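Participant: First the structure, then my questions, so here it is.
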């Protein structure tokens, strides 16, 4: 906390001191309490980043150059200049390891050689440096010429001299230190200038040392100037592995990188798409113009070995781009026409077509293409693959080519009939059979699909699925169609959908989802999983019912897309897309947090007990105290909500008969907590569309809720039905907490009053372990409060650090004082400076932050008012006021308050011993080595002066040269090390003595005459002084 506040104060020092010296308001300084920003905890500012630090890796998302952007725009794909990625990472050349130089290394002045002579008379091993004359002086040998010789040549010369001059000795030589040489690199490089490189460096090493070639620099015409002779280096040869394309450098060489030359771009089906620089002699006007074939070869050649088509887009003098096509035959004869600067070559295969195949995808183990000769029909194709578990057999889609040979269309397929060999059809080249799973079909009744059917294709949220996007466009384009206005669409909109993710098959085949819905029938009842199921016309109801989980023995088409009325009954009636199938027997639906949701025959399970049994239908996490039966009363033509207790049904103590059309809804704990956390309101008052049933259930939950508060693990509102034991309610709320008062449980119950229309509440206290608690029961509308045990320990620890023997976080009890904390922390060290202790409190920090924020707003308001006056103040004063508002707005106070922190004084005066609060932070700084007193503000020579005990404020002011003519001596004050401030009364007739403690700061403000225009100066004087005093304290304590 201190570190963040100190960072702000340090940034604010210049402005704060300028403001206080200019405005000079220190009224009430006697009661001043320094705010945030004391820097005692962190005196040293963070060091700035080193300017010589090595650069980090270059980002891969670098901006494109103008050349790259132009070619990329024309090619409609990202293209980059070839070869320049060599310099993108900013890698500097690595100095070679010594002693491993190759035999062809050329020795030069400055190289260090390790020469070892083995023998009995003159053994030695020394390092010798090649002198400026190019010679090496070895003991007992003549001077040896080394400069200009290779390491191998010098070794042979040394061996000869040793054999001639020192008999029976052997000589060995290795490179022990490589010379450094300076090379001048100019032109289009990142860091042009002279660079020092190793003696074995090449042109590439020098370019890397210069930061690499700029992307507007040439890689084809790099010039190496040596002894006045210029040679051209083509780095494309280096990139393609040509030997000798990166020559070694010599001391004094110059390298010049000219701007990039003519360029072309090659895109499409090549191995290395990019932008390539043309060699200087290969332009159409040169001696050897580059052909189309050579340009494609420069890009790595075509990806595919088939015949290739190259379309060259050239820009004429009039700026118009015209294409020229070159085929493989042309390139085989003469490599095609020549290319020119700015040409764009798009490479593609002349033909990209697969013949003689069919494919099967979707819910199969091995999807992919099959040979048409081996799978020429649906039956033979399905006979060669294994379906995965859970396929949807009544419907599949065959993607084939329509009449005319171009458009792709979808055709429905009855997989069950094909597998039973009752139906078959031949396949054509490029046909694809799409097999769906039961989960894929379940998505047809998901929330995203049903919402689109309800809203006519409109959606407030991104769909995130290609199939849903196609469906939305189709529905919005046919609002009067059967999926929106037809019987099936209207009936499907009444379903209760589940939130399911979009299957991959509908993303891969976007038209498939709408196609399946157009062939779907609605199984509205009589099956375990009601919903939309696609069929082939003429399919049997029994087949589709089996795929939907089975159910009623008698199903009938009660409505169809053509007439809207029933077409017949029975399990064998043929179906058509758009039909609605219902059970002819009474039924109900189990939904919500159930193990097997779906519809049931009322004749098989006529009551709740028959449906739920002993809990077998319940999932883990079921809420046991509340469930709902949604019933439609056909006599009153209105819906009803009937609450029940699943726990009582499981136990057999309660049961209720079910009726035709009932919906039995179970809830999970998570759903109950989420639903009762808000306060539902009627749809009309909220102004939003809310499902009536959902709103009714939420209202019923609120009416039947029991509030559980206090020391429980999951407090909240829990709906119940009937009477529930106290222990059961506490268990539902997560159990009683460890710090709960088990004998202090408060129950508030509603009871009818004696007067009609009134209700009263009674309250009783029980113990969970006593008889009155074990027998206590609650009902809807009651409230339970589990009182916590009283704990005299503060909820958060206090922190003490700095010059104490045991710094850290300490738990404190209520009413504990600072002296007690000091004893627990081992007391102060010998270096502690209690007069400068910093005490921060959270409540003070919040109060200061609120005050600073309000002050900033007041300044902004006053600035607006002053600038609207006929004669506004000067612009400099208004700007200073704005800076002052910003300073208050950005202030991050730490909540420092002034206390007595010296344990010796606290022992003598216990009334000064402050009571600690949770979150307090105390810091004891180290006693400064040099004790000073700082004088700042409107004095002639602001300075930090040595503290002397007998001096008073007049002495320190005199040593600072005295006050200036702009000083407001009547408002001068002294800031003490503990953060408090005391006003000085400097006048000829008043010489009140003010003690100056070591580490204090004397501040002389400036006369406030320039700010007479501003009303806010009358309001923020004390606050401004607080900021300025804090800033001055930072300066003094940071220096110490």
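Every residue gets a Cβ built from N, Cα and C, even glycine.
Here's the feature list from TrEMBL:
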COMPBIAS  565-576  compositional bias 'Gly residues'
DOMAIN    101-173  domain 'Polysaccharide export protein N-terminal'
DOMAIN    182-257  domain 'SLBB'
DOMAIN    264-283  domain 'Soluble ligand binding'
DOMAIN    706-750  domain 'Soluble ligand binding'
DOMAIN    798-837  domain 'Soluble ligand binding'
DOMAIN    944-1007  domain 'Capsule biosynthesis GfcC-like C-terminal'
REGION    34-62  region 'Disordered'
REGION    555-576  region 'Disordered'
Participant: Below 8 angstroms Cβ to Cβ, which residues of this chain, lying six or more residues outside the domain 'Soluble ligand binding' (264-283), approach it?
Facilitator: 67-68, 71, 74-75, 77, 79-82, 218-221, 234, 236, 289-290, 295-296, 298-304, 308, 339-349
Participant: What else in the chain is close to the domain 'Soluble ligand binding' (798-837), if you only count residues 6 or more beyond its ends and a Cβ gap under 8 Å?
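Facilitator: For the domain 'Soluble ligand binding' (798-837), the nonlocal Cβ contacts are 40-41, 792, 899, 901-903, 906-907, 910, 913-928, 976-978, 997-999, 1037.
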Participant: Can you check how the pLDDT averages out over the domain 'Capsule biosynthesis GfcC-like C-terminal' (944-1007)?
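Facilitator: For the domain 'Capsule biosynthesis GfcC-like C-terminal' (944-1007), the model's average pLDDT rounds to 78.
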Participant: Of the residues in the domain 'SLBB' (182-257), how many are helix, strand and coil by DSSP?
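Facilitator: For the domain 'SLBB' (182-257), the helix, strand and coil counts are 12 helix, 31 strand, 33 coil.
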Participant: Per DSSP, what is the residue tally for the domain 'Soluble ligand binding' (798-837) in helix, strand and coil?
Facilitator: 10 helix, 13 strand, 17 coil
Participant: How many of the residues that make up the domain 'Polysaccharide export protein N-terminal' (101-173) does DSSP mark as helix, as strand and as coil?
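Facilitator: Output for the domain 'Polysaccharide export protein N-terminal' (101-173) reads 15 helix, 23 strand, 35 coil.
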Participant: Counting by DSSP secondary structure, give me helix, strand and coil numbers for the domain 'Soluble ligand binding' (706-750).
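Facilitator: Residue counts in helix, strand and coil order: 7 helix, 24 strand, 14 coil.
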Participant: Do you know the DSSP helix, strand and coil residue counts for the domain 'Soluble ligand binding' (264-283)?
Facilitator: 0 helix, 10 strand, 10 coil
Participant: Tell me the residue counts in helix, strand and coil for the domain 'Capsule biosynthesis GfcC-like C-terminal' (944-1007), as DSSP assigns them.
Facilitator: 10 helix, 19 strand, 35 coil
